[in-house]
Ligand SMILES: Nc1ncnc2c1ncn2[C@@H]1O[C@H](COP(=O)(O)OP(=O)(O)OP(=O)(O)O)[C@@H](O)[C@H]1O
Ligand SMILES: Nc1nc2c(c(=O)[nH]1)N=C(CO)CN2
């Protein structure tokens with residue numbers, strides 16, 4: 001999705017969660033200052049014309065893990081679930097709140113880290129980003145600039161689907177999503193509400 005189409009949705013999301021656009025923009029500038037090389041060409045090569053599987057981190061992922069095929073995009077902590085089951089994702093979409101040292105290992109082995117900046121993760125950006133040694137792509141939910149991209153999507157999982165769609169995947173299989181998960185806290189429930197709404201715009205009715 002291009003930013004012109006994303007921006008009205010973004011404005012609604014800011015209002016829904018009382019997030020600050022200025023803080024999102026500050027975080028994006030911080031992230032840009034921490035990353036020297038844009039690995040978007042690597043990410044495009046993994047996605048364009050390919051079958052893609054996006055893995056969210058709902059508990060059902062474990063039961064669906066044998067259904068992954070093609071290029072594997074993991075949403076945040078889903079990456080560790082895959083990795084500990086012998087599957088290294090091709091890319092990880094993360095705002096770093098589920099990051100562990102295992103992200104550093106995957107990245108060194110070639111997994112593209114698609115790191116997202118927002119107003120509430122600046123300390124995490126400063127902590128983790130300088131430690132990554134492998135390919136990295138940076139994203140924002142506000143206005144994109146220079147090498148900080150915005151393909152649409154909000155939570156790590158739906159952002160991965162939006163990116164796969166924008167970069168030309170031929171098909172997208174979505175695993176590990178349970179948008180009615182009763183075990184999540186109220187903020188997460190709001191994020192899953194938005195994930196459902198955003199994915200429906202792309203034609204994925206979960
Ligand atoms: N039931 C679920 N619980 C958690 N995540 C889910 C669920 N269903 C789908 N997802 C997707 O999996 C992604 C990664 O989940 P994780 O638990 O690592 O979330 P998170 O880091 O708290 O995510 P976010 O910060 O994006 O909300 C979420 O961003 C969401 O898009
Ligand atoms: N400002 C802000 N933006 C976000 C946040 C968040 O907690 N704060 N969480 C996200 C995905 O979980 C995506 N974007």
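Quick reminder: no glycine exception, Cβ is built from N, Cα and C everywhere.
Sequence annotations record features per position, and here TrEMBL assigns domain '6-hydroxymethylpterin diphosphokinase MptE-like' to 38-180.
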For the domain '6-hydroxymethylpterin diphosphokinase MptE-like' (38-180), the mean pLDDT of the predicted model: 98
Residue counts (helix, strand, coil, in that order) that DSSP gives for the domain '6-hydroxymethylpterin diphosphokinase MptE-like' (38-180): 51 helix, 33 strand, 59 coil
